[in-house]
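Got a structure for you, questions after.
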């Protein structure tokens, strides 16, 4: 086996090596000397890290030498980064945590807002990672339903973090029994099922409140998490709906720090709207390394995410199980949309909004093929509670046997699927 | 020793041959792989084995194209190997430079001085002798191995260490010795240098206890000073950036001349001696000597002692990276630097590092009753690379509060022995306005041509670093970890868009502090705290478990489990690493010991039982019990033998009681047993009960998210409407193939199960049990399943089936 010649990169202090790796290639990265970090997580020296389908920034405070084996589609060194301000932000937050610990108060609750593609998730990761490096146990709240950093796209999640964020896996894989290099996290996930909060803002806000309620309840009990605070990553929505959501977030999570990333007007608005109430509003520049992700890339990331949910990563492979289920043993549900009657058919004066949180049954059919369904933890179908019941996981419909009234699904783990209510969202996945 | 023969296991030889073969086949050789291969091979060099050394030498010769990598690997090995394994690695280096030479000579030459001396410092005395022997062969080798000056340097270092070793002088610990200073502490800078360049070891290895001061009088003291100076000079040579040593040498030179020229009272020489004792390593060279960062001193170009010229430092050290991390434990440096202290205005590292002779006239510092004017340091060294920050003065933060030069130095300030020296000297009156040194300084014959006034107050304010620091009022420092302190010491950063942009080099240090504990498997750093080692240990244990599970991966597949319910999530806590259980094998080991102990006792007990004799009368009584009516023919029962094993009892004549008795017999509950047989039965029953209890406990703790062992299949009972009405039909578990033929219950079973065979199939549930199943809490359900399993384990499948039928 001949390995491609590794390429050596020498980084001066506070430089950043930015690489983009295609989905079908694998690239090995190794820190030879010096120190370096990827989204806040420090790299070990002479440890090989493998990436595929990622855009990565390797930053060094002290200068370093890096070896890269494999072909990257983009690779360059940048010497202008906003890292200094990111680090200062962390220190400021950490100081609040120290004070919170001393006075037995709540740590900082940080809301990160900004338009799409400014590096909100990366900044969240960095701030969380830094906090973890300081032995904190923050909770990561992901309200970006389009991405699904922790579980799957279409979810609102909260995840307590206790161990360092893995360089290769990102936030770690949720609830695996697999030996992963990173941490196995246990997220709390609620199913929204649409890519944008706009698609069903009523449901979104319902779930947001529920999530905040659970997080707050946990914070009451979990002292380490309480003093460490939370970091909330949001959707890139900055229009009227977006502002509403932000306002709701601030209230629901008692946010006391708003970080506006790469958007001057938003910063001005946030300062105007929220600073008076004792909320600190700061703006941070977006990193030059942030690239606009086109729909294709987002789609591929989504696919990768789904694949990883069932099959794991190359480093820690998972074994999903295929199971055949009778149509009538399960109930497939959908919120609003599917049942929306044309507005002309609505009774006069009836507001369409009413049906936004209306739960309807979906008859299993060929339409379900390749869908990713979310398994609700609910045992009984009680509306509207069932909407706000958190998820047990996801299954993938690999086959429909219409004639036999059965469907074959891929389940993440062996055993029967624990619950019978499954949510259908807009998520589809063509398993390859 | 070196030539000692060793029979190498054939497997190992084979492996090495393969590796060599591999090395030749691969063109070009991949440095990654080469490193990996060589490292693996090197790992076997744990004892002095000529074959391994030869093989490694050949390997190095064959792979000269990656000599750099190999040298790095060997250096790394020599540095990291346990003390008792360093010698073989040195032999390997010796072998490579003598037999292969070439590029290796130059590569090793770069670091051989530090490598050799670092290793030499820690090995035991017999190995030291071997080290010296190896060293002895180098200068006169047929070809030149290393430049003469390098070898001389090593020899000097060895000599210095040998001299120290000969002594029995123990640094007195009753001396307010900084209690943390005996913890090995890396010079942050040198550690970082090794990070940066990967070629220099830690420079401050604990050196053997220093030389004795047996002789009394000034001559003895002089000798002490000279010896100590030698040690410090060595430390300096080893690490040119070692500011502490550099300063100490400067101080020592002062002292030396002082002692030479002054008649000291016995008291003062004792005090000096005591202070000297503290300067000796093994407490490795303190990271910094907080001597003169204040009062304009460093800016005044100080006359350098002749042997302290920076140029004389070995050129082997890599150049200083311009901005170095700062240690995390800053005792409250100022929140904001006055603008004039920005990086550009700082003096050069060499300037800072230069030893400052004591009698420098503090030009322009007016003295007022021995209190110096609080002059802002011109060299606020925050962005200064090599200036370790751990003892940064607090002065700048409180420019209006005069420091108290006469305050006794806190004895526990880390890394401040030299400062203590000054403090004590001052207290003793030796140093100070009216002290000996002061007089000396006024003495025109003083070697330095000293000019009054004496600079005495300078070192002192620094030693009071933890003193009246600008503590944020709300802080209770006692509760703070070192880390919190370093975070807070940056000064509260306002969450404003402006303050966030300010450059704070010390902030980086908060993230990359100097805690010496960093996991080499993932880069995890252990925050400095009292239980850091414990945390790191459990972190490594975690790696160990992960790696072990990784290895098991082939055997066992893993999967993602279902997420927990909302309530569980709210109340659950992520497993804290430090609380995670001890590695299993510890429990296992203790378990084994326990069992074997019990086992032993048991055996003794059984032996005793076997020999115990019971008379027929006693047995008969036992058989009848309280029931006097019972008419049991004891003899007949006894004749039948043990009720368990059916063997006859051994009949013996009891001389003492003059009656027939039976060995190992016991009458219990109207039956006669061998005492051993019965005890056995009791034990096994107890064990079963315990197992059942354990199973129950496990069942109780099994939670919903635990992987269900049931097979996911659905069954349709077309002829069983009473079943299909309940949701349990979907949950009916089909457990074995036999059930498929079970037509009578009307369950038509389709095994759509595509899961691998290793999925444990659940045992059947009786329909009744199944009906209640869904209503039960999960934990109970789980228990039920286990119970069912146990049941069916005891009964055969067939009988179960027939029950169903």
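Glycine residues also receive a Cβ, built from the backbone N, Cα and C atoms like all the rest.
Just so you know, TrEMBL annotations never went through curation; they're auto-generated.
Under the heading ATP binding site, TrEMBL lists A:16, A:55, A:117, A:118, A:119, A:120, A:121, A:122. For A:11-98, the entry in TrEMBL reads domain 'Clp1 N-terminal'. According to TrEMBL, the feature domain 'Clp1 P-loop' maps to A:114-312. Annotation comment: TrEMBL describes A:318-431 as domain 'Clp1 C-terminal'.
I'd like to know what surrounds each of these features in this structure.
Annotation for residue A:117 (ATP binding site): same-chain Cβ neighbours under 8 Å, separated by at least 6 residues, are A:236, A:290, A:291, A:292, A:293.
In this model, the domain 'Clp1 N-terminal' (A:11-98) carries an average pLDDT of 90.
Residue counts for the domain 'Clp1 C-terminal' (A:318-431) by DSSP state, with H, G and I taken as helix and E and B as strand, are 23 helix, 46 strand, 45 coil.
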Which site among A:55, A:120 has the most other CB atoms no more than 10 Å from its CB, taking these as binding-site residues?
A:120
Taking A:121, A:122 as the binding-site residues to compare, which has the smallest set of other Cβ atoms within 10 Å?
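Among the binding-site residues A:121, A:122, the lowest count of other Cβ atoms within 10 Å belongs to A:121.
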Please give me the CB contact count at 10 A for residue A:118 (ATP binding site), counting all chains in the structure.
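Excluding its own Cβ, the number within 10 Å is 23.
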Residues with Cβ closer than 8 Å to the Cβ of residue A:119 (ATP binding site), same chain and 6+ apart in sequence?
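Result: A:261, A:262, A:286, A:287, A:289, A:290.
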For residue A:16 (ATP binding site), what residues in its own chain, 6 or more apart in sequence, show a Cβ-Cβ distance under 8 Å?
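Same-chain residues close to residue A:16 (ATP binding site) (Cβ under 8 Å, separated by 6 or more) are A:57, A:58, A:59, A:60, A:77, A:78, A:79, A:81, A:83, A:287, A:289.
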Which of the three DSSP-derived classes (helix, strand, coil) applies to residue A:55 (ATP binding site)?
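Once the DSSP labels are grouped into three classes, residue A:55 (ATP binding site) ends up as strand.
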